[in-house]
Amino acid sequence: MGKKQENNPDSEYGEPAEFDPGFNGPIKKRGCTDIICCILFMAVIIGYAAVGILAWLYGDPRHVLYPRNSTGWFCGTGPNKDRPNLFYFDFLKCATSVNVMATALNGFQCPTTQVCVESCPGDFSALFVDAYFKKPAEVFNQSLCVPSVDLKAPGLTVQQVVDQELCPFFRVPTTSVLGRCLPDITALGNIPDNFANVPGLPSTINDTINVIKNGTGDVVNGFNAREIGVRIFEDFASSWPWILIGLLIAMVVSMLFLLLLRFTAPVMVWVLIIGLLGAGAYGIWHCYWEYENHRQNSATISEIGFTTNFQVYLQVQETWLAFLIIISVAEAIILLTIIFLRTRILIAIALIQESSKAISHMMSALLYPLVTFVLLLVCVAYWGATALYLATSGNPIYRVVALNSTTSGCQSINGTVSCDPQNFTSSAYPDCPSASCIFIKYNDEGLLQRNIFNLQIYNAVAFLWCVNFVIALGQCTLAGAFASYYWAFSKPGDIPMFPLSASFIRSLRYHVGSLAFGSLILTLVQVVRIILEYIDHKTRSAQNPCARFLMCCLKCCFWCLEKFIKFLNRNAYIMIAIYGKNFCVSAKNAFMLLMRNIVRVVVLDKVTDLLLFFGKLLVVGGVGVLSFFFFSGRILLPGNTFRSETLNYYWMPIITVIFGSYLIAHGFFSVYNMCVDTLFLCFLEDLERHDGSLQKPYYMSKNLMKILNKSNKAAKTDRKKK
């Protein structure tokens, strides 16, 4: 055993892969893997579908999408189709309500009558003393009153209408916010002076304004973006063709960047490396220059002590000496690393060039992110719809609430008697004429309602698992396609037909269980991270420094664990796509293979990250600058009817183009990154399995063999014959 360890120093990370004469790419004869996890995943999917069906049967999203009046009818639909806005009779009662935000969103908790109206009133109006001696039809606007009231009914007085809240006794200019008529804060400064004489209102105008402002300030500040939203929508409506052109440019630039890497990768990598060394050299020179400038008149660190004004430290000679030492050491480390790892850097560059060549032979791979995007969109839409239907699955509960509870008759029924808002009449409670049927809460007494929280948790966990599975499926599919390219001895002649489709079918037919296994592990870690974030948010105010430090350490550890699992899963899926083994075996083999070549892994990873970062910077920055000059009017195209002056916010199309360009670049580069990782693992396996002989020829490119000073004997024989 000791002799074996001595002969093979890498044996602690497993034995190198052995030559297999029957292996020539992704194995076609394979069986289903991780069947138990596959069955579990299918059971979760079936349960997820059942939860969605239950939510659809018992939920009613109209509770959220539409406001509801005091009689329980929705505004903007059904009999109130032409009346989409909800108007509050006495908003002062809403303003003094405890849950103002819930009032604005639900339209129920406000203890005042609410009716559906065609448009929100935009004027001041109030009942003064003389109005109480007139007929109701002469005073009130029928469209703002309770639909069932007949203002011309004999014996009906204005006082009765006001007491029973059949019509509003005052109103101020309102604006529609999510279908709710809320006071327009900007118009309250023009409130008439005689409002101070309106019975039922505060004695001074300022009190009235302040009460309304206090009730609507938080709501309006949080949700009154309707006007801005309309303007943004107008901007998108006028500029969407140019936004699409900008995104098309980003797509073309991303594709060209990846395809041209086979020619430009060496130049770009060495330019970036030299640029990094040059930036370090400039930093050393600048620090030395500052050090010399502060040599004569400079205080010391000990004289200054500790101060929050960090500009003071920049006037100290010792500060620049410390910067000089740190940058010099970093520069020396980088320079020595490049010198000693130059061969591995050349290998990384060659693999990057080979990846660009592989993509040029499989252009359909660049379109696969669209499949992943559509599947992720389906997952997000299903999760959102299920969460919405579950949240509205309980029927609303109404109680009789006294709008004026000063009398004993009102106090005895206030909030204790159930009612039906569609059949409610205040005449049924003669001792309390101001009684009204008001929404209290959603029913939480049924079996489904009692388990809403548990079902929402199930919805969230199943959503995370499905999302991670979709990403895993994409990685395994791309890995199988690119592995088919590498293990083709004569390229492109030996590349199989439709490698991407074949890899996708293999992944779904044989490896759903393995992909579900890997995504489940990642999901569990993500759930723990979410729980930690929730605990931290809820206990932040009560945490002492020790607890905050412990929580920070836990969050950091699980963040690192998630990153490691993503890295391990990614390489495990590559091995699954090639050899068709289960997840645990594939993860172990991939990890051991990488550990046997850890230096190459680090170099390739960093060089690839550097190139892809530069590529994203080029695409997003270039398209972003171009869109800025265009949408701000600095670039005018001949014959172009679009003018930047027509935009309300020219930065919105710019942000849209930049964000879309980043998503497009990320989608293209994720394919490229997967190609590099797959070809790298295949390259390592190639080195371990083969020796360049006639029986064991290398599959790697001639450029890689040249860098490693290796060759196939068959090629040498052919050259000698010539």
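Note that Cβ sites are derived from N, Cα and C of the backbone, with glycine treated the same way.
Unlike curated entries, TrEMBL annotations are predicted automatically.
According to TrEMBL, the transmembrane segment annotation covers 35-58 (among others). Remote same-chain partners of the transmembrane segment (35-58), defined as residues 6 or more beyond its termini with a Cβ less than 8 Å from a stretch Cβ, comprise 382, 385-386, 389-390, 393, 448, 455, 458-459, 462, 465-466, 469, 512-514, 516-517, 520, 583.
Positions annotated as transmembrane segment by TrEMBL: 240-260 (among others).
TrEMBL lists 267-285 (among others) with the feature transmembrane segment.
The transmembrane segment feature in TrEMBL is assigned to 320-341 (among others). Within the chain carrying the transmembrane segment (320-341), a Cβ under 8 angstroms from the stretch's Cβ atoms is held by residues 273, 276-277, 280-281, 283-284, 287-288, 290-291, 294, 314, 599, 603, all 6 or more beyond its ends.
Sequence annotations record features per position, and here TrEMBL assigns transmembrane segment to 362-385 (among others). Among residues of the same chain six or more beyond the transmembrane segment (362-385), those with a C-beta under 8 A of the stretch's C-beta atoms are 52, 55, 255, 258, 459-460, 463, 466-467, 470-471, 473-474, 477-478, 481-482, 485, 499-500, 667-668, 670-671, 675.
Feature annotation from TrEMBL assigns transmembrane segment to 462-489 (among others).
TrEMBL lists 510-532 (among others) with the feature transmembrane segment.
Residues 14, 25-27, 30-31, 33-34, 37, 472, 475-477, 479-480, 483, 503, 506-507, 510-511, 513-515, 517-518, 677-678, 681-682 of the same chain, all 6+ positions outside the transmembrane segment (572-591), place their C-beta atoms under 8 angstroms from a C-beta of that stretch. Residues or ranges marked as transmembrane segment in TrEMBL: 572-591 (among others).
Summarising the annotation, TrEMBL assigns transmembrane segment to 611-637 (among others). Sequence-distant contacts of the transmembrane segment (611-637), counting only residues of its own chain at least 6 positions beyond either end whose CB sits under 8 Å from a CB of the stretch, comprise 239, 242, 246, 249-250, 253-254, 257-258, 261, 265, 268-269, 272, 352, 643-645, 647, 650-651, 653-654, 657-658, 661-662, 664-666, 669, 672-673.
Here TrEMBL flags 649-672 (among others) as transmembrane segment.
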The transmembrane segment (240-260) vs the transmembrane segment (510-532): 3 or more CB pairs under 8 Å: no
Contact check, the transmembrane segment (510-532) vs the transmembrane segment (649-672), 3+ Cβ pairs under 8 Å, seq sep 6+: no
